[in-house]
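This report concerns only the one structure given below.
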């Protein structure tokens with residue numbers, strides 16, 4: 001553009017064309033990818049010692065970003081950060097809390113200036129698949145092999161649930177810390193059940209008989225779920241399917257196996273819940289969200305609802321005194337079930353990661369080591385009423401009744417826990433399963449058509465080369 | 001002679017100063033426009049041809065693959081259909097209701113040249129929804145449409161022993177509920193707009209028409225509407241573009257953000273979902289490019305169709 005005889009119109013036209021034709025061109029530099037400056041700066045390190053096994057640079061600052069959602073951010077400010085600071089007084093921690101993780105952080109990742117430690121959670125979390133694919137996740141192998149905070153003779157790996165390591169592994173690399181241990185089940189009020197002489201059912205027949213009894217009694221509706229978020233009910237359907245047919249049922253679904261959604265146990269479970277949907281739901285269930293149904297539960301308008309163990313914390317402001325949250329595992333479908341009574345859907349959740357391309361990733365890992373200490377985990381459990389993946393950390397802590405019940409059920413279940421992972425791996429499959437299940441429960445979609453629809457989506461994703469695939473064994 | 005040279009020289013200098021003055025004022029807006037309007041559009045076109053997932057600094061170039069995939073995306077075409085339906089019904093619904101109310105406010109009184117009793121008050125009331133943030137409107141109507149006894153519309157039905165209507169949960173009803181909210185929210189503005197337009201129509205025309213024996217209906221179609229045509233045309237284009245851009249109401253109000261079961265989804269919601277939930281920014285940009293062309297095409301067609309002779313008065 002050395003020629004100065006450009007007219008204004010030509011100049012404008014040329015500028016607009018440059019933006020259209022040259023991806024990453026001059027105009028595209030402000031919001032588009034391409035803003036980063038070469039490679040990341042060399043990461044800060046220090047000498048390793050017994051007090052500093054990960055070798056962090058003691059004086060280098062680092063940033064902790066917490067998702068300010070159901071758990072708030074006080075647990076980081078009041079528990080984990082002071083714990084870290086007590087051990088490494090010279091390091092400065094910058095604390096950031098946000099309700100919009102992706103909106104806050106995404107430009108920083110694309111620009112090559114990410115924070116060290118991220119609680120990637122909530123509706124607006126960044127996609128782990130995308131982060132992993134782009135090499136943004138720090139390999140946490142060194143953390144697993146480091147001595148634990150409480151006992152130098154025990155490795156961090158041995159203080160946490162093995163499923164936490166499995167679920168945090170992407171492409172063979174452990175890079176995401178799943179910190180909270182969620183337990184799923186059917187929740188009820190010990191007061192309501194006690195007053196009416198109802199017993200938690202152990203078999204499907206007992207469950208439907210109880211529903212019938214509650215319906216006839218006119219005390220309240222038997223069952224509800226967060227109708228606007230049908231995830232809550234496909235979760236129970238899949239857990240029941242796993243109980244009937246074994247863990248392989250869920251593995252096939254996660255691995256996008258052909259016909260996984262059309263398997264017999266899945267159909268049986270879906271039929272069973274569609275039946276509950278037709279007969280025993282709280283009126284208007286399909287149009288209510290999780291808070292509305294949970295509030296109806298708190299008001300004794302409905303007897304049972306499926307949810308995860310965060311329920312008690314989420315409802316703490318509306319739960320009447322003496323309500324007595326408790327949960328029971330999904331009833332056994334028949335004596336031929338593959339998994340015994342007491343089997344639970346339980347999986348580590350609430351994800352944290354360290355950015356590989358941040359200035360001080362070692363400090364982020366050391367911060368995780370502090371979180372995984374008995375004190376860090378135990379006080380977290382007390383504060384937000386949720387178990388963690390740290391074995392035995394909640395023992396000796398004052399727990400609320402619902403969490404106590406969940407912890408007891410989890411202990412009873414022992415090895416018999418199940419989970420599925422496609423929700424995190426393939427969000428589009430999750431959305432399709434949720435949409436179809438909402439229709440199934442409302443009686444607008446027969447079981448076979450329900451399975452067909454979700455299977456079609458699963459097949460579509462399997463055959464889509466642009467989607468990164470994961471497998472579990 | 002010398003005088004003239006001097007004058008023209010002065011004239012030239014004045015023109016130059018004026019040109020510099022204007023250019024100085026224009027430079028800033030043009031620059032802002034380039035950076036914040038043109039360049040994002042241009043970027044959308046270039047991102048649409050990549051597989052960018054939002055975090056990488058160097059996305060891969062995939063050509064037109066995103067557009068090819070779009071052709072087979074059933075949900076996107078469902079969204080396009082919904083936008084199409086809204087494009088037809090939302091402007092018609094809003095304009096008809098707004099014209100009716102505006103006519104009542106301006107010519108519905110005892111004589112044709114006066115409005116109904118309390119017209120000024122109603123004008124404020126009609127405008128009220130316009131003062132509410134869209135998100136508040138959405139949350140409000142969630143409560144209005146609640147499916148149980150706490151729902152404003154369903155509570156009386158339940159009290160009468162009737163089955164409640166699943167305003168937002170029945171896939172056959174949900175889009176109509178959304179349409180209702182969109183029209184409710186838009187009507188007020190157009191009532192005020194049309195009222196202003198009608199107020200500038202000379203009273204004598206009404207009086208003359210009335211003396212000639214024209215009824216209210218004829219008055220409306222023969223006098224008011226033709227004289228208001230320019231305003232209606234602007235309103236129609238505005239509403240059309242608004243219908244193509246519907247997002248917040250759908251996203252906040254409906255189950256699964258466009259559900260149940262994609263029954264209320266629109267293009268903007270699918271763009272948002274693919275970008276910020278599936279992190280397929282390339283694919284979402286391709287949808288954005290398609291939406292851009294739909295909007296431009298609509299504006300062109302609308303201007304062409306509604307072109308007609310201006311009535312002078």
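Using N, Cα and C of the backbone, Cβ positions are placed for all residues, glycine too.
TrEMBL: automatically predicted annotations, no manual curation.
TrEMBL lists B:80-302 with the feature domain 'ABC transmembrane type-1'. Here TrEMBL flags B:21-42, B:85-109, B:121-145, B:173-193, B:227-253, B:281-303 as transmembrane segment.
Using the rule of three or more Cβ pairs under 8 Å, pairs at least 6 apart in sequence, the transmembrane segment (B:121-145) is not in contact with the transmembrane segment (B:21-42). In terms of C-beta pairs under 8 Å, the stretch of B:21-42, B:85-109, B:227-253 lying closest in packing to the transmembrane segment (B:173-193) is B:85-109. Cβ atoms under 8 Å from those of the transmembrane segment (B:85-109) belong to residues 115-117, 119, 122-123, 126, 175, 178-179, 182-183, 186-187, 190-191, 193-195, 197-199, 206, 216, 219-220, 224-225, 228, 232, 235-236, 239-240, 242-244, 246, 266, 298 of the same chain, restricted to positions at least 6 beyond its ends.
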